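Colleague: Just dropping this structure here.
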Amino acid sequence: MKIACIGAGYVGGPTMAMVALKCPDIEVVVVDINEERIKAWNSDKLPIYEPGLLEVVQEARGRNLFFSTDTKKHVGEADIIFVSVNTPTKTHGIGAGKAADLTYWEGAARLIASVSTSSKIVVEKSTVPVKTAEAIGKVLRRNCQDPNVNFEILSNPEFLAEGTAIEDLQHPDRVLIGGADTESGQKAIKTLAEVYAHWIPRERILTANLWSAELAKLTANAFLAQRISSINAISALCEATGADVSQVAHAIGTDSRIGPKFLNASVGFGGSCFQKDILNLCYVCETVGLKEVADYWYQVVSMNDYQKQRFVERVIGAMFNTVSQKKIAIYGFAFKKDTGDTRETPAIDVCKGLIRDGAKCCIYDPEVTPEQIFRDLSAPKFEWDRPNYSRSQSHMLENVQVQSDPIAAADGAHAICVLTEWDEFKKYDFAALYEKMVKPAFIFDGRNILDHAKLREIGFIVYALGKPLDQFLQKNYS
């Protein structure tokens with residue numbers, strides 16, 4: 001059996017590496033038109049950072065795992081084709097700002113149709129709007145010259161969490177495969193299920209119809225994002241009343257009906273999927289006339305935007321209502337720890353908000369490159385999800401500096417803003433940092449990972465999100 005995957009990004013690369021590792025009898029080829037990216041996958045400096053990924057790639061690469069730019073050859077030879085291309089949010093036209101742009105998906109389908117001389121199973125692996133399979137099926141069947149070639153389309157949404165992707169791939173809660181309720185559709189489901197059964201217990205391989213599988217992916221992300229927005233809404237109330245959001249979260253998290261996960265208040269959620277999938281869900285609801293349902297889910301996104309704006313206003317308000325020309329150290333730019341991914345990271349909006357008020361942001365992140373930071377801060381909204389984005393211009397920005405050393409980032413700063421929960425931030429010598437900073441020295445902990453009592457003993461004025469406010473902050477911001 002031969003498997004090809006179109007798209008060598010965050011989903012395609014790790015997923016195919018795991019399939020190759022666990023199925024040594026299957027040839028797995030990941031193809032992409034981006035030569036730089038393929039070159040990186042064939043090196044020991046992979047294009048994405050994910051704990052444990054390099055070891056998996058090194059074990060299978062060259063044996064039965066390959067990365068190539070020869071898309072036509074490998075797609076033509078494959079029995080199963082995974083499609084992991086970008087599905088960005090539309091930036092103009094009907095549905096702009098919420099509908100998914102299927103340009104790259106359609107291009108992939110046309111490629112598959114043009115090179116297929118044998119029947120294929122085509123697997124949706126990237127996040128796609130409900131009913132994509134139906135549209136893709138039409139493109140495949142109308143563009144394939146050989147009448148004997150059949151295409152069976154499956155939906156196999158990924159449920160990876162960045163930072164733990166390898167663990168999630170090795171021991172998933174479930175694998176979901178959606179297909180047509182026909183004899184050939186069920187046969188295709190069985191074929192793909194047998195690939196996963198090399199290492200995943202059968203009871204964890206769930207099957208559904210196509211529409212259910214597509215909708216399950218959007219719904220799972222919407223529910224997770226909703227939990228974050230819910231606890232973030234309560235964090236604002238905690239600050240206003242003197243409650244502690246960590247205590248509230250712990251108390252409700254011990255209720256077995258609720259559970260403790262995704263209840264950490266923060267400066268906001270990020271990542272490639274949450275906002276995009278909710279907006280997509282809203283658009284689907286609107287197109288079938290369910291305005292009230294769409295409005296309900298829009299609120300999850302607007303609460304996330306509110307939380308980022310609230311954080312910016314808290315910083316400015318605490319610092320005597322002006323951050324003009326003040327150096328602010330930003331600790332963490334990735335949207336979460338253990339990843340170099342910056343897609344939709346709250347740090348973008350926080351930095352932009354501070355810069356608009358005249359602040360000089362000095363950014364440190366252990367995994368994100370300066371080029372990526374400058375690109376993110378100078379790119380228009382939704383542009384990050386386009387294939388040419390990784391090669392687009394990154395502008396040096398006047399009020400932004402990127403440091404490779406956290407101590408240098410804090411030197412001469414008025415404040416430190418913690419925007420990613422990297423473990424290393426907890427281990428810093430904050431007494432030494434305090435000495436290098438302008439007084440009064442502030443710490444704004446957007447992730448609630450630091451020892452706030454100890455920081456106050458050192459002399460810092462501390463804002464901890466969703467916690468009772470420092471006296472100093474109450475005077476400025478009541």
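Each Cβ is built from the backbone N, Cα and C atoms, and glycine gets one as well.
So TrEMBL has the following annotated:
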type: BINDING; residues: 7-12, Asp32, Arg37, 85-89, 126-127, Glu162, 273-276, Arg343; note: NAD(+) binding site
type: ACT_SITE; residues: Cys273; note: active site, nucleophile
type: DOMAIN; residues: 329-452; note: domain 'UDP-glucose/GDP-mannose dehydrogenase C-terminal'
Colleague: Do me a favour and check the Cα-Cα span between Tyr10 (NAD(+) binding site) and Cys273 (active site, nucleophile); whole Å is fine.
Modeller: 11
Colleague: Measuring Cα to Cα, how many Å separate Asn86 (NAD(+) binding site) from Cys273 (active site, nucleophile)?
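Modeller: Spelling it out, the Cα of Asn86 (NAD(+) binding site) and the Cα of Cys273 (active site, nucleophile) are 11 Å apart.
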Colleague: DSSP helix, strand and coil counts for the domain 'UDP-glucose/GDP-mannose dehydrogenase C-terminal' (329-452)?
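Modeller: Counts, helix then strand then coil: 46 helix, 19 strand, 59 coil.
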Colleague: Over all shown protein chains, what is the count of other CB atoms within 10 A of the CB belonging to Asn86 (NAD(+) binding site)?
Modeller: 19
Colleague: Please report the distance from the Cα of Asp32 (NAD(+) binding site) to the Cα of the residue listed as 'active site, nucleophile', rounded to the nearest angstrom.
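Modeller: Each residue's Cα considered, Asp32 (NAD(+) binding site) and the residue listed as 'active site, nucleophile' end up 21 Å apart.
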Colleague: Any idea what the Cα distance is from Thr89 (NAD(+) binding site) over to the residue listed as 'active site, nucleophile', rounded to a whole Å?
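Modeller: With distance taken Cα to Cα, the residue listed as 'active site, nucleophile' is 11 Å from Thr89 (NAD(+) binding site).
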